[in-house]
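Features of the protein shown, as given by Swiss-Prot:
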- K87: N6-acetyllysine (MOD_RES)
- K113: N6-acetyllysine (MOD_RES)
- T141: phosphothreonine (MOD_RES)
- 2-17: motif 'SIFI-degron' (MOTIF)
- 1-41: transit peptide (TRANSIT)
Amino acid sequence: MLGAALRRCAVAATSRAGPRGLLHSAPNPGPAAAIQSVRCYSHGSSETDEEFDARWVTYFNKPDIDAWELRKGINTLVTYDLVPEPKIIDAALRACRRLNDFASTVRILEAVKDKAGPHKEIYPYVIQELRPTLNELGISTPEELGLDKV
């Protein structure tokens, strides 16, 4: 059905009005010009979980990261269909601390809670794993700030 619609569009686009206003259709394309279904997104190599984690930890551990890069990284990370590993969140929180960006720390923790969705055991696990970092950096969780009740 889609192939027929695409062929109709191609014929309509290549039709021209002749000198007397008559429409002349384009020549019928041969089998070599047939529309092929190609999955262009599946040709790349897949990234392992360890490589993914290392890439993001390295990104957030850059000593010269600025506020824009931090927010861009957080926004990109949140768009993935996963809950980031605690070591990635740890690196992001440390980058926030280097930039003195407390609002982003709260945003990261809220995003982790949101990404956990209905799986209520994930967020407490992440907070438990991050507790030493949170204490070291002086970061309060959204629950400690009372933001979960707003």
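Heads up, the Cβ atoms here are built off N, Cα and C, so glycines get one too.
Cβ environment of the residue listed as 'phosphothreonine': L109, I127, L134 lie under 8 Å away, each six or more residues apart in the same chain. K113 (N6-acetyllysine) is 16 Å away from K87 (N6-acetyllysine) when you measure Cα to Cα. Under the DSSP three-state reduction, K87 (N6-acetyllysine) is assigned to helix.
Taking a C-beta cut-off of under 8 angstroms and a sequence separation of 6 or more, K113 (N6-acetyllysine) has the following same-chain neighbours: Y123, P142. Per-residue pLDDT, averaged along the motif 'SIFI-degron' (2-17), amounts to 48 for this model.
A simple way to gauge crowding: the CB of K87 (N6-acetyllysine) has 16 other CB atoms within 10 angstroms, across all the protein chains here.
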